[in-house]
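Here's the structure, in C-alpha cells; my notes come after.
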Amino acid sequence: MLSRQSTRSFSVSMSGTSQGRASAAVAQSKEKSTGKKEKLDLKPPKGTRDFYPEDMRMRNWLFGHWKDVARLHGFEEYDAPVLESEELYIRKAGEEVTQQLYNFEDKGERRVSLRPEMTPSLARMVMARGKSLTLPVKWFSIPQCWRYERMTRGRRREHYQWNMDIWGVPGIEAEAELLSAIVTFFKRVGITSQDVGIKVNSRAVLSEVLTAMGVPADKFAATCVLVDKLEKVKLDDIRGEMQELGLTDEIITKLVATLSIKDLDALEQTLGNGSKALAQLKQLMEYAEAYGFRDWLIFDASVVRGLAYYTGVVFEGFDRKGELRAICGGGRYDELLATFGGEPLPAVGFGFGDAVIAELLKDRNLLPNFDNNKEDKKMKWAFKHAERLGASHLVIIGEDEIAKGIVQVKNLAKGEQVEVEVSKVSDFIAEQLASS
C-alpha cells in the first residue's frame with residue numbers, strides 16, 4: 001500500500017479544524033458589520049447535480065431499465081456504504097483513480113474515502129462471506145461514485161454507475177452473458193449497433209507478447225495502465241515511464257505494433273494459433289454470434305482499460321460518432337481477492353455510468369418526455385421509438401380503452417389503427433403478420 005505521503009489524491013478535512021472555525025468567524029463578523037448575510041450560492045458543488053422531480057423521473061426510468069435487464073439475466077441487487085477505508089483503493093500501478101480520491105481523515109483519525117468505483121467494495125463483501133457463498137455469484141448494483149477529475153461532457157465528479165458482476169465462473173461464457181446484458185439494455189432504449197460498438201480485447205494478448213520478450217510478470221499491470229493512457233497522450237509522453245519499468249525500445253516497438261492490430265486473423269499471425277488468448281477471444285465471438293450480438297463487437301488490441309486489477313478479457317462501449325467518452329467498460333479480474341490477502345476467485349464485471357448514456361440518448365432523441373404536462377409529445381416519442389425498434393404494431397391503451405376492455409392496435413407499416421378486444425390482441429396481430 002502507498003504511504004500517506006506518497007498518495008497524490010485529493011484530500012479534504014472534515015474534522016472541524018481551527019482554520020475552518022476561523023473562516024466561519026470571519027464570515028459572521030462581516031455579516032454583523034454590514035447587517036447583511038452573504039448571498040447563498042444556489043449551485044451544487046462543482047461536478048455534482050441536483051435532481052428536480054423531472055430529473056428524478058428520467059433517473060428512475062434509466063435505473064428501471066438497468067434493474068429490469070439485470071433481473072432478466074438472473075442477477076440479485078446489493079449495495080455497500082459510499083464511505084470506505086482509503087486502503088481499499090490505494091494500489092501501486094499508477095492508476096488515475098488513486099489520484100482522484102475524495103479522501104480524508106475522519107474524527108476517529110481513520111483514513112477514509114468516498115468510493116470512486118464499486119468493485120473493491122464488492123470484493124470486500126465477497127471475502128467477508130467467504131465459503132458460505134453459493135457460486136456462481138451474480139450480483140448487480142447502481143451506486144453513486146465520486147472522483148475528483150477533470151470534467152468533460154458526460155464526465156462528472158459524481159455519477160451513478162450500473163454494475164453487474166459474476167464471481168466463480170472461469171469460462172468465457174461469463175463475459176458473453178455480461179455483454180448480452182449490455183446489448184439488451186441498448187436495444188430496449190432504442191440504441192442500435194450503428195450508434196454504439198463494443199471494443200473487445202484480452203490483457204492476455206499483451207501478457208503473451210511481453211512474456212515472450214522477457215518482461216517480468218510483476219511489471220505487467222503497471223504496463224497496462226500506461227498503455228491505457230495512449231488514447232489520451234502520445235507515446236513519447238510516457239516512454240520514460242515505460243523505460244523505468246524496464247521496457248527497452250525493442251519491447252516498446254513490439255508492444256505498439258501489437259496494439260495496432262484490429263482483427264483476429266492479424267492477431268493470429270503475431271501470437272500463433274497456439275495462443276490461449278486468441279482461442280479465448282475466438283470463443284467469445286462464437287458466443288456473441290449465438291447470442292445474436294456479434295455485430296456490436298469489434299476486436300481492438302489497444303483496449304486494455306485503466307484499472308490494474310484486470311487480468312483477461314476487457315471491453316469498452318463507444319459512441320461510433322466519436323463525440324462521447326467511453327459509455328461503459330469492464331473485464332475479468334480473477335486475482336483481485338489475492339491483492340487483498342484472500343484466495344483468488346474468478347470474476348468478471350462491468351461499470352456503466354449514467355452521465356454518458358444520458359448524453360447519448362439526448363443526441364439520438366431517444367429519451368421520453370419527462371414533463372407530465374406534455375402527453376402529446378410522449379405519444380409522438382412512443383411512435384418514433386416503435387419505428388426505431390422495427391416494431392410491426394403499436395398497442396395503445398388509455399382510460400377509455402380500459403373501461404371498454406379494448407386496446408387500440410396500430411399497424412405501423414400500413415398506418416391503420418383499429419379497436420381490438422384485449423383477449424384477442426395476440427391472435428389479431430399474428431393474423432396480420434401472416435397475411436403481410
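Cβ atoms here come from the backbone N, Cα and C positions, even for glycine.
What TrEMBL says about this one:
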type	residues	note
REGION	1-48	region 'Disordered'
COMPBIAS	1-21	compositional bias 'Polar residues'
COMPBIAS	29-48	compositional bias 'Basic and acidic residues'
DOMAIN	47-368	domain 'Aminoacyl-transfer RNA synthetases class-II family profile'
BINDING	E117, M118, T119, R147, Q161, D165, R305, Y309, Y310	L-histidine binding site
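Counting every protein chain shown, the number of other Cβ atoms lying within 10 Å of the Cβ of Y310 (L-histidine binding site) is 25.
Within its own chain, Q161 (L-histidine binding site) has E117, M118, I142, P143, Q144, C145, G351, F352, G353, D354 as residues 6 or more apart in sequence whose C-beta sits under 8 angstroms from its own. Across E117, M118, T119, R147, Q161, D165, R305, Y309, Y310, which the record gives as binding L-histidine, the greatest C-alpha separation is 21 Å. Its own atom aside, the Cβ of E117 (L-histidine binding site) has 18 Cβ atoms within 10 angstroms in the protein chains shown. Cβ neighbours of R305 (L-histidine binding site) (same chain, under 8 Å, six or more residues apart in sequence): C224, D228, V314, E316, G329, G330, G331. In the predicted model, residues of the domain 'Aminoacyl-transfer RNA synthetases class-II family profile' (47-368) average a pLDDT of 93.
T119 (L-histidine binding site) counts 20 other C-beta atoms within 10 Å of its own C-beta, drawing on all protein chains shown.
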